[in-house]
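Peer 1: Quick one: this structure, given as structure tokens, is what I'll be asking you about.
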Amino acid sequence: MNPIVINRLQRKLGYTFNHQELLQQALTHRSASSKHNERLEFLGDSILSYVIANALYHRFPRVDEGDMSRMRATLVRGNTLAELAREFELGECLRLGPGELKSGGFRRESILADTVEALIGGVFLDSDIQTVEKLILNWYQTRLDEISPGDKQKDPKTRLQEYLQGRHLPLPTYLVVQVRGEAHDQEFTIHCQVSGLSEPVVGTGSSRRKAEQAAAEQALKKLELE
């Protein structure tokens, strides 16, 4: 891997790996090698959830469990992680197999999000929980400062449904139009038809549910509710 690109990535992350092989593994998609990042992703997912839950618990002492769960879901969902990945310019650092490279895998939100979680897992193994917690809180500082409890933290499908029901309009319909990839690494494309929009909106994700949520979020943006 290009040392200049890797050094730039570590500067953007705010962390330099002591064991560079952990960084390489975190950046390796399963399409590229048998030593890929999925186990690190599993670890990082749990660490991220803990760090964000702990931060919300102490920031919002009077907020109930439901609102805290919704805020956490907003902060750890795939498109938020993909936003972080783009801020880190992570796409050009990924190690992908030929098929994923050809299909633009370095832009896929699910791959970008999974890689951020793998990096978290890698940093934890390379250091300790205190270091990775400090790093995550630094990445999330602005988002944690801006987030607040309330209806906006409901997931996009729920908000879209409530908006339409409140206006006595038909509920949205979701249609799977494409499924790409092998069983262990699929990408779903969903068309969502919404009353008031002339064309269906499109969402993609690593599961049908995630793709539907992404489509609903696009619909909310087109309805200028996001």
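Cβ coordinates come from backbone N, Cα and C, glycine included.
Note that the structure is predicted; figures quoted are calculated from it, not measured.
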Peer 1: Return the residue out of Glu41, Glu182, Glu187 that Swiss-Prot annotates for the same Mg(2+) site as Asp114, Glu117.
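Peer 2: Looking through Glu41, Glu182, Glu187, the residue Swiss-Prot assigns to the Mg(2+) site is Glu41.
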Peer 1: What's the CA-CA gap between Asp45 (active site) and Glu117 (Mg(2+) binding site) in angstrom, rounded?
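Peer 2: So the alpha carbons of Asp45 (active site) and Glu117 (Mg(2+) binding site) sit roughly 5 Å from each other.
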Peer 1: What is the number of other Cβ atoms found within 10 Å of the Cβ of Asp114 (Mg(2+) binding site)?
Peer 2: 27
Peer 1: 10 Å Cβ neighbour count around Asp45 (active site)?
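Peer 2: A 10 Å sphere around the Cβ of Asp45 (active site) contains 19 other Cβ atoms.
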Peer 1: For the domain 'RNase III' (6-128), what does DSSP give as the number of helix, strand and coil residues?
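Peer 2: Taking the domain 'RNase III' (6-128) as a whole: 88 helix, 2 strand, 33 coil.
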Peer 1: For Glu117 (Mg(2+) binding site), what residues in its own chain, 6 or more apart in sequence, show a Cβ-Cβ distance under 8 Å?
Peer 2: Leu40, Glu41, Gly44, Asp45, Leu48, Leu81
Peer 1: Given the recorded Mg(2+) site (Glu41, Asp114, Glu117), which additional residues of the same chain have their Cβ within 8 Å of the Cβ centre, ordered by sequence?
Peer 2: Asn37, Glu38, Leu40, Phe42, Gly44, Asp45, Ala113, Thr115, Val116, Ala118, Gly121
